[in-house]
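Now, the feature entries from TrEMBL:
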type: COMPBIAS; residues: 1-13; note: compositional bias 'Pro residues'
type: REGION; residues: 1-22; note: region 'Disordered'
type: TRANSMEM; residues: 30-51; note: transmembrane segment
type: TRANSMEM; residues: 63-85; note: transmembrane segment
type: TRANSMEM; residues: 106-127; note: transmembrane segment
type: TRANSMEM; residues: 195-219; note: transmembrane segment
type: DOMAIN; residues: 235-343; note: domain 'Copper resistance protein D'
type: TRANSMEM; residues: 239-260; note: transmembrane segment
type: TRANSMEM; residues: 280-298; note: transmembrane segment
type: TRANSMEM; residues: 319-346; note: transmembrane segment
Amino acid sequence: MPPPTPGPEPTPVARPTQAPRPTAQVSRTAAVLVLLLLAALIPLLGPSAALSGTGEDPAPGTAGIGLLRTVMFAALAVQAGEVLGGWLIRRVPQAPEDVPRAWSGYAAWAGTVAALGLASVVATGNLVPSKLSDMDIGGLYQSRDGALALIEVNAFVAAGLLARSRRPVVRALPLAAVVVAEALRAHPVTELRPMVGAGLTLVHLLCASLWAGGLLYAVRAGWRWRVSAPRAGAALLALYARVAALLIAGVTATGLVSTLRRMPPDTLFEQLRTTSYGRVLLAKVLLMVAVAALALAARQRLRRRDRRRGRRSRQAADALHAFVPARVEVALLGLVVAVSALLTALPVPIRWGALWW
């Protein structure tokens, strides 16, 4: 009896791609909403808490101005981060072409709205307008603060129109104008050596925007590649970490010098306790320390995986393991942006005298 003829081999059936669980999407959405709520509450409720017991009078519209500056600083960071992120991705070997969706356009128009709100405050003599007739739009062209406010509005409009440009330099030019205008606005000509302060603020704001925005983009890209290209995601985070070390150094150095210019060393600790500006500054420093610790933890995890398994054999789990502290770092940096915006709306302590150098 002849052996039975073997039938055709069964065709392997491809497993369908597992869709993300709805519960995970809901959890991520809820976490983002909570962070946005916290970022909005800091400038809205922060002034009353910071001013409590200091004997200082709040400036008109401090909460609203702080909220508008939070939106403006966040918009600037998102756009600067995408420029930096694109530069980093081009230096990652075998980086996928599937990059995260650009948020620059949305951020630019959000920044435009915030800049318009701040310009309306300047047009009413640094008061919150109650009706359109309160604003002197033509007067904006006749004052230094008004001209700087208009530069910020126009720069954000230009950034929105150029958001789809493939040339990073073109997209970066309007952002540079915003940074320069904000640095000059923060240091009026009545201040002692205003150009020194403006230069420090320029470097501080530039480094902070690239640090926060760059990390957001690197985390978004790495999370998008967590299955298709985990090695590229980990390499991108490692490359960003090297750049971030320089940015953190710039933020720390300029922040320290700017603080000492406003608060002489012999009164520094007392002002941190007894003035609203000092209290918010102390909160910002504590958040920055926590962010730096998380950045160090993420970098140490990447180094440990490199020593243990080597770059070529790193698995997806290793990359995800390193992204855990990085994602928390993004959340804390968002709070730092809100606290920094609140700091610009609070009165600078003046009872200790003028800038001492």
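Just so you know, glycine gets a Cβ as well, placed from its N, Cα and C.
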For the domain 'Copper resistance protein D' (235-343), the DSSP helix/strand/coil residue counts are 103 helix, 0 strand, 6 coil
If contact means at least 3 Cβ pairs within less than 8 Å, sequence distance 6 or more, would you call the transmembrane segment (195-219) and the transmembrane segment (319-346) in contact?
yes
Can you tell me which parts of the same chain pack against the transmembrane segment (280-298), counting only residues 6+ beyond its ends and a CB-CB cutoff under 8 A?
46, 50, 237, 241, 244, 248, 251-252, 259, 272, 322-326, 328-329, 332-333, 335-336, 339-340, 342-343, 346
State, in range form, which of 63-85, 106-127, 239-260 has the highest count of Cβ pairs under 8 Å to the transmembrane segment (319-346).
63-85
Can you give the mean pLDDT for the domain 'Copper resistance protein D' (235-343), rounded to a whole number?
82
